[in-house]
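Undergrad: Here's the feature list from TrEMBL:
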type	residues	note
DOMAIN	A:38-330	domain 'Aminotransferase class V'
MOD_RES	A:LYS191	N6-(pyridoxal phosphate)lysine
BINDING	A:ARG339	substrate binding site
2 protein chains.
Amino acid sequence: MSESVMVARHLFGPGPCNPYPEATVALGRPLLGHLDPVFIETMDRACEGLRQVWGTRNARTLPLSATGSGGMEAAFVNMVEPGDVVVVGVNGLFGERMCDLAERCGAEVVRVDFEWGQPVDPETITSAHPNPKIIAVVHAETSTGVRSDIKAIGERKGDALLLVDAVTSIGGIELLADEWGIDIGYAGTQKCLGVAPGLAPFTISDRAWERRVEKPRSWYLDLGMLGGYVGEASGKQRTYHHTAPVGMVVSLAAALERILDEGLDNVRARHQAAGDELQAGLEAMGLELFAAEGYRLPELTTVKVPDGVDSAKVRAYLLEKYNMEIGAGVKQFASTVWRIGLMGPNANPGSVKLVLGALKDAIENA
Amino acid sequence: MSESVMVARHLFGPGPCNPYPEATVALGRPLLGHLDPVFIETMDRACEGLRQVWGTRNARTLPLSATGSGGMEAAFVNMVEPGDVVVVGVNGLFGERMCDLAERCGAEVVRVDFEWGQPVDPETITSAHPNPKIIAVVHAETSTGVRSDIKAIGERKGDALLLVDAVTSIGGIELLADEWGIDIGYAGTQKCLGVAPGLAPFTISDRAWERRVEKPRSWYLDLGMLGGYVGEASGKQRTYHHTAPVGMVVSLAAALERILDEGLDNVRARHQAAGDELQAGLEAMGLELFAAEGYRLPELTTVKVPDGVDSAKVRAYLLEKYNMEIGAGVKQFASTVWRIGLMGPNANPGSVKLVLGALKDAIENA
């Protein structure tokens, strides 16, 4: 970029957030080769850190070389053969996207819709089909700010494999892949993990591994080939698959180390406290929250735009005057909902005061 | 990474190379949102810079959010329908990979093999089938250090679409996509562009666009959806597809600006001079070059391991004593060929002296 004054934003939208400083500093380290022993050791550390934030002991837990949406694609292309029955819970944009992906893989999609702003109901989703191969659900819907109860779905999944989008939950709220029965999970780095976008943390259980597609339609995201690339956490010989995005992996490892040093429980409590205070503050301002009570994500708050207020003008005002980004709503809620993310390092009480104060100014004066 | 002494390598293997300093500095800039107007302007600049290094005016020229191998996948999934005839020139690993990808897309693959170390012969490849949909060739084979004559293939392509892998040529040697008749091209950032791995510079002509797959098997790499994501260089409204890897794109834009400031011809001359001097120096040491004379890449030199010398020991010695990475050979040449890359900022006369001196020491003393 050539502009002489550097732009520094408060990234309070649905992601990316401002990265943890450790993640940014790591990007300035001398680059390593993708087969360098020092890098391989770093990759192993990143995979182990990911196991912690996923809440899993899955050997096959790794950062895929794509953004979160690439992780979604990896999940479906490796698991779905033409004709497989896939039940998808749709309570927002990312559930809809799951349907699109499953269809491209030739699945017989059983789409189960829920009102946007409401969670996926465990009873309804698990009784939608007698014997699906996969039940797919978004844990934290980025489009609506809603958390669904994955644990309750896992308890009722039966023989189905449970496929979960944890893009906006990982590193921010409770996520216990093994305990909840998540078989395939993908996430992103640019939300609560506090890293720039570009990687998709991925995990797959042995149970799902045995039922995967032998030769998926994707070479790039073929998990069968990716096993050797990370040594499958077993010290096996690494084999070349593709050139790992080394800088991004080193950055992810640094952020994970930071998160685990702070303590996963502490990090989650920090997200919860910031979200609680923000949501209380918005209601105190007379605004109405969008997501259903009891299912609100602390890391991503959705709030209705007050009548007579121009959503786009407010966002432009915040960007101009405060260098602050907040998100618009999605699709039918584009101009009637705002999405405010306090993720990663932004989950702190100062950010809450800042966004509440700036938003009040913007609503009154934009 | 937690080790107290930071490791700084000379990355003289087949890539990644050490990035241009501008590319690294850019990664330390405050992160921007993927819909931020300042980022969108940067993305436009990156796309325009890519047009320069591709030698194209294609509107659809953009960095895909994946490594070079993801670019290869995008090329095939967007162009190949089941039953399409795809002629693939195979003179190394990446030609082989093209066959795998084309087969996964259901292509009728006509594989035309050439000896490793030799170029793809234009006459042979273009007469391998009377009416293929696609002729696919690697411009600069990273596994063997060989350049093939894309211009001559383009002149003979007839109605076929010409699909070219420019991973190791872009930003280092002459590449004239429009003049040579390249219809679909993909590349990587971690070779001569001097950026960390993680993006795939991609270009597609209008002619190929009209013959693309309407709804490809990949959602993530669906070019039809990606058009809106970059505004197709026409100032159109951006639409959300996936979260761009903003940090990497900003880094790419900075490297492209650096390359264009230096001058593309100067950058290429610098790569040529370094490669020429390295290859002459290796021969003067009594070593034998692997790639066919007249088709040697200046940016990636392949040289035979002398009889009685242990390839792995030499590479370990270089890493240990000089913090220098050079590459092993690929497949049947794993222990009999070295690959030495002088790419991006490493294409300079000092690097030549350094690698020649260190390699001489290693051969004698490892």
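Cβ coordinates are placed from backbone N, Cα and C, and glycine is handled just like the others.
Unlike curated entries, TrEMBL annotations are predicted automatically.
A description of the local structural setting of each listed feature is requested, covering burial, neighbours and distances.
TA: Per-residue confidence over the domain 'Aminotransferase class V' (A:38-330) averages out at a pLDDT of 96.
The DSSP secondary structure for A:LYS191 (N6-(pyridoxal phosphate)lysine) is coil.
Non-local neighbourhood of A:ARG339 (substrate binding site): A:GLY13, A:PRO14, A:THR142, A:SER143, A:GLY145, A:LEU300, A:THR301, A:THR302, A:ILE326, A:GLY327, A:ALA328, A:GLY329, A:VAL330, each in the same chain, at least six residues away, with C-beta under 8 Å from its C-beta.
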Undergrad: Going by DSSP, is A:ARG339 (substrate binding site) sitting in a helix, a strand, or coil?
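TA: In three-state terms, A:ARG339 (substrate binding site) counts as strand.
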Undergrad: Are there any residues at least 6 positions away along the chain from A:LYS191 (N6-(pyridoxal phosphate)lysine) with a Cβ closer than 8 Å to its Cβ? List them or say none.
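TA: Sequence-distant Cβ neighbours: A:PRO14, A:GLY15, A:PRO16, A:CYS17, A:THR142, A:VAL167, A:THR168, A:ILE170, A:GLY171, A:GLY172, A:GLU299, A:LEU300, A:GLY341, A:MET343, A:GLY344.
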